Amino acid sequence: MTAITISDQEYRDFSRFLESQCGIVLGDSKQYLVRSRLSPLVAKFKLTSLSDLLRDVVTGRNRELRVAAVDAMTTNETLWFRDAYPFTVLAERLLPEVAANKRPIKIWSAASSSGQEPYSMAMTVLETQQRKPGMLPSVAITATDISASMLDMCKAGIYDNLALGRGLSPERRKIFFEDAGDGRMKIKDNVKRLVNFRPQNLMESYALLGKFDIIFCRNVLIYFSPDMKSKVLNQMASSLNPGGYLLLGASESLTGLTDKFEMVRCNPGIIYKLK
């Protein structure tokens, strides 16, 4: 029987490793999360215990295992049109405002997870184009994630009924999806064409991504240390075009982290504009 217990020292060593690799801070009491996320890898990599796995990850003995462990720890659940208001603001305020510049609109989904956020953006763009023909120039959405398995899922664009039921209306499901068999649905090509998926560690440089008019970095900063939050936010400020916008998660704030943005109150919600 595989041992799935870990010592306090093993947990601390792995926590330091994870923060150094991708900025995620586990804190003092997330042993249960490490066990639940990494235990399946013990059998997959033919190890005898979770302790052996953590040792090999921390020491770098097995690069493939390291990648798999980071992948497992950075995979998070998400929803279609999460919190609703960011997509309302995108449609009713941000897209029209940026469109007035008469140049292509560039949007970044900074932690795309399994694709619900960037595809929700793409659906919002298509709905706006239908509602206001000719208003929008071309729109390009870049969606990034650190997890290779999540990016593969994003690119496939195939979801089961459980995933589809989390925030997606029957109307949008009918318009933007097609049958993929086995009770699953696939994002239509006109939605997929708007989104380019690529790997990105938020601890590393964003320079190769280019500049954006709008950045969604929602429900990501909550996992980072204050120093890491500041680093990410200041890099994102440098990645925005003049007057660009940043949207955070409903429980996230810039207070004490950066002075490069001004808060803009919407109805509902709050967004941030580059100074």
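Backbone N, Cα and C atoms are what each Cβ position is placed from, and that goes for glycine too.
Of the residues D52, D145, D152, Swiss-Prot puts just one in the S-adenosyl-L-methionine site with N76, T78, R82, E117, N201, L202, R218, N219: D145.
In this view, N219 (S-adenosyl-L-methionine binding site) is surrounded by 20 other Cβ atoms within 10 Å of its Cβ, with every protein chain counted. Overall, the recorded S-adenosyl-L-methionine-binding residues N76, T78, R82, E117, D145, N201, L202, R218, N219 cover a maximum inter-Cα distance of 22 Å. Scoring each of the binding-site residues (R82, D145) by how many neighbouring Cβ atoms lie within 10 Å, the top position goes to D145. Listed in sequence order, C22, G23, A110, A111, I146, V220, V232, Q235 are the same-chain residues at least 6 apart in sequence whose CB falls under 8 Å from the CB of L202 (S-adenosyl-L-methionine binding site).
A mean pLDDT of 92 is what the model gives for the domain 'CheR-type methyltransferase' (1-275).
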